[in-house]
Amino acid sequence: MLQLWKVVRPARQLELHRLILLLIGFSLVSMGFLAYYVSTSPKAKEPLPLPLGDCSSSGAAGPGPARPPVPPRPQRPPETTRTEPVVLVFVESAYSQLGQEIVAILESSRFRYSTELAPGRGDMPTLTDHTHGRYVLVIYENLLKYVNLDAWSRELLDRYCVEYGVGIIGFFRAREHSLLSAQLKGFPLFLHSNLGLRDYQVNPSAPLLHLTRPSRLEPGPLPGDDWTIFQSNHSTYEPVLIASHRPAELSMPGPVLRRARLPTVVQDLGLHDGIQRVLFGHGLSFWLHKLVFVDAVAYLTGKRLCLDLDRYILVDIDDIFVGKEGTRMKVADVEALLTTQNKLRTLVPNFTFNLGFSGKFYHTGTEEEDAGDDMLLKHRREFWWFPHMWSHMQPHLFHNRSVLADQMRLNKQFALEHGIPTDLGYAVAPHHSGVYPIHSQLYEAWKSVWGIQVTSTEEYPHLRPARYRRGFIHNGIMVLPRQTCGLFTHTIFYNEYPGGSRELDRSIRGGELFLTVLLNPISVFMTHLSNYGNDRLGLYTFESLVRFLQCWTRLRLQTLPPVPLAQKYFELFPQERSPLWQNPCDDKRHKDIWSKEKTCDRLPKFLIVGPQKTGTTAIHFFLSLHPAVTSSFPSPSTFEEIQFFNGPNYHKGIDWYMDFFPVPSNASTDFLFEKSATYFDSEVVPRRGAALLPRAKIITVLINPADRAYSWYQHQRAHGDPIALNYTFYQVISASSQAPLLLRSLQNRCLVPGYYSTHLQRWLTYYPSGQLLIMDGQELRVNPAASMEIIQKFLGITPFLNYTRTLRFDEDKGFWCQGLEGGKTRCLGRSKGRRYPDMDMESRLFLTDFFRNHNLELSKLLSRLGQPAPLWLREELQHSSVG
């Protein structure tokens with residue numbers, strides 16, 4: 001029996017162990033199923049957030065008896081014909097927060113400005129050009145820097161402001177060591193600092209109010225404890241924003257703290273010293289100060305720098321039918337969408353949600369979500385619709401236009417089968433792929449399949465900062481800047497909003513979203529399907545935003561369909577019609593949505609920019625002899641030169657441009673370049689060139705501008721120009737402003753490229769001097785080997801080519817050519833090195849006098865750049881001084 005127990009006991013222990021392991025395994029599997037269920041099941045909805053209510057519900061009337069409105073005092077406008085519409089901003093440093101906030105608002109409003117470090121003794125910048133004022137408004141980041149100017153600078157600035165009707169905006173930021181109470185030096189105005197305030201209100205009597213709507217009292221504390229309020233008995237000061245002290249301040253001494261009305265912003269009407277000012281007792285971190293600041297700029301500039309009251313908003317809902325289960329819209333969500341749209345139409349005329357669809361994903365949600373899809377289609381006539389891609393694929397991944405067009409046709413067929421109206425002429429690419437950087441196949445397919453006239457993107461010229469986003473037109477399609485609103489595919493629950501729900505509310509109530517509408521006349525907002533299911537944050541956001549805007553501003557909100565909206569945009573900003581192409585490889589986001597079949601290695605490393613008739617073709621020829629240097633392919637339409645940056649070719653895009661260059665075998669050692677001699681004197685080329693090729697080297701060749709003018713005239717005669725054939729050179733260069741148009745056109749092409757200093761200054765505005773090589777064309781003609789040595793060193797080309805052995809002077813041609821075996825040479829075409837009669841003395845004397853000042857400015861410029869003046873320039877200046 002004992003032996004049997006010894007055998008059975010281990011067996012029973014083994015079964016017990018197995019049972020325990022089985023229970024543990026079952027528990028783990030159960031927990032796994034539970035975790036999967038919890039993660040994939042829809043979350044239990046908390047009560048949906050309610051949008052902002054009517055203005056009338058936001059607090060009671062302000063403290064004290066209401067003041068009757070005061071008739072606005074007459075405003076002295078700036079001398080509009082005598083001042084430039086430019087704001088002069090004095091900042092504490094290039095990195096000060098308030099200074100950056102001031103500049104950001106000016107940039108967002110598209111106002112021109114100039115920043116200067118707040119001057120020390122005698123450092124006031126030049127304020128006038130002869131009798132013309134340079135600035136229409138002066139802003140001081142630190143008011144005390146203005147108040148404490150030395151007597152000479154203060155008198156200079158104040159006299160300028162009085163004479164030209166220029167106003168001043170100043171900010172007073174209290175510090176820890178600031179006096180709690182003090183009189184502002186030289187003004188009948190007292191400051192009380194380092195206060196905690198609450199319950200703010202706009203004074204309806206303030207004359208500067210334009211965008212700002214006078215409000216009822218808004219209860220609640222103002223951020224921070226470093227506020228400054230203003231007190232004065234002088235009639236020149238009118239409160240703009242008013243607050244009251246916090247209860248904790250009641251026990252503090254001083255009669256001002258027991259007053260109910262404490263101005264944080266005051267308007268100086270100019271009755272004290274003839275200068276109008278607006279003074280802020282805090283920075284711009286408080287949202288209402290930003291709003292009043294915009295009004296102050298408008299008022300003090302006589303509305304020369306003023307934002308119109310009209311605002312156009314379009315709300316796109318991307319990814320209709322797209323989205324994983326549990327995040328899509330259901331029937332109740334669609335009903336809420338319709339209800340909110342109708343409510344918004346009472347506040348924003350013609351407001352309509354704009355729905356972008358990808359038909360492939362129709363009915364791919366849960367049963368409830370599929371019913372939501374059907375509900376959207378049932379009410380399809382209530383919305384506007386635009387196409388995404390059929391399968392939500394990014395267009396830049398399609399390298400074949402026909403395949404891309406086939407995807408679009410699938411989406412179009414889906415729309416036809418379900419009765420979706422698609423006649424808006426608008427489309428949006430998933431992830432904005434192919435819109436910018438340009439994917440030409442997308443634009444062509446859009447036009448052929450859908451007849452698209454308008455699209456939008458957040459990527460031009462870059463995503464951040466948003467205030468720099470702009471529109472452009474390419475291939476007949478208008479591209480509008482698209483704005484984000486803080487809602488993305490993953491932001492679907494109010495209490496899980498990144499940074500907390502207060503972050504979303506802060507954006508709506510005076511933050512980024514509010515400022516987007518305030519500072520942009522046209523806003524196209526990107527939202528997503530998932531923002532209208534779940535907690536319906538899209539509905540909450542835009543209803544709250546519209547109501548808040550109507551509470552605090554006088555903006556006239558309205559909606560237009562995409563095509564008239566785009567037409568309106570380019571009426572307002574015609575200068576944006578032409579794009580500014582940039583290097584896609586300089587922006588990671590751009591590179592991610594750019595075809596992998598394209599490479600920035602095909603962009604040139606240097607440009608030969610001219611001017612014409614100075615020897616640039618010879619340099620092009622000599623450089624092409626170098627094994628590490630490769631020129632662009634010749635253009636069949638523009639005299640072999642590409643002429644991309646200065647003409648209609650620019651609008652064909654960078655794909656067209658790069659097709660003129662081979663893919664280098666070694667991008668680090670191979671040098672691609674192009675020569676277009678018309679670039680030098682073009683007003684647009686330096687900016688365009690620097691945008692696309694910011695690191696490119698620039699080579700220019702200068703000869704005596706009189707000789708260049710004569711050479712161009714002879715060039716035109718050789719090509720049969722009837723004006724050059726029928727007029728002498730002297731008649732051309734001395735023609736009056738009343739001369740025939742074609743004669744004056746030839747005159748300009750002879751003379752204007754010779755304004756060397758003017759054109760070089762333009763290039764130096766966009767390129768650092770270290771990237772610009774100014775060659776002596778006369779030296780190039782006499783000693784090309786030495787000139788080519790300079791160029792090779794400038795470019796950093798290896799291996800170094802000895803042009804003394806490579807080039808040979810051709811006696812018959814009268815020019816330097818490539819030396820070949822057997823004493824032969826290979827030279828430029830017969831049109832180069834052409835001989836013609838010497839210039840007549842009358843023309844020579846005329847041009848010497850005509851170019852005297854231009855040559856003098858060139859000499860000064862070369863001296864500043866540390867470059868020696870060429871021999872021809874020294875000779876010209878000597879002759880001019882002798883004459």
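Residue positions begin at 1 at the first shown residue.
Keep in mind that glycine also has a Cβ here, set from the backbone N, Cα and C atoms.
Keep in mind the model is a prediction, meaning the values are calculated, not measured.
In Swiss-Prot, Cys817 is paired through a disulphide bond with Cys827, chosen from Cys750, Cys827. Ranking the recorded positions Thr617, Asn666, Asn726, Asn802 by the number of CB atoms within 10 A of their own CB puts Thr617 at the top. Comparing Cα positions, Asn666 (N-linked glycosylation site) lies closest to Thr617 out of the binding-site residues Lys613, Gly615, Thr617, Tyr836. Considering other CB atoms within 10 Å as the measure, the emptiest surroundings among the disulfide-bonded residues Cys817, Cys827 are those of Cys827. Nothing from the binding-site residues Lys613, Gly615, Thr617, Tyr836 places its Cα within 10 Å of the Cα belonging to Asn726 (N-linked glycosylation site). For Gly615 (3'-phosphoadenylyl sulfate binding site), none of the recorded positions have C-alpha atoms inside a 10 Å radius of its own C-alpha, out of Asn233, Asn350, Cys817. Taking CA atoms as the reference points, Cys827 (disulfide bond) and Thr617 (3'-phosphoadenylyl sulfate binding site) are 11 Å apart. For Asn233 (N-linked glycosylation site), the same-chain residues lying six or more positions away in sequence with a CB closer than 8 A to its CB are Pro188.
Taking a C-beta cut-off of under 8 angstroms and a sequence separation of 6 or more, Lys613 (3'-phosphoadenylyl sulfate binding site) has the following same-chain neighbours: Ala677, Ile703, Arg708, Ser711, Trp712, His715. Between Cys817 (disulfide bond) and Thr617 (3'-phosphoadenylyl sulfate binding site), the C-alpha separation comes to 12 Å. On a Cα basis, Asn350 (N-linked glycosylation site) lies 73 Å away from Asn802 (N-linked glycosylation site).
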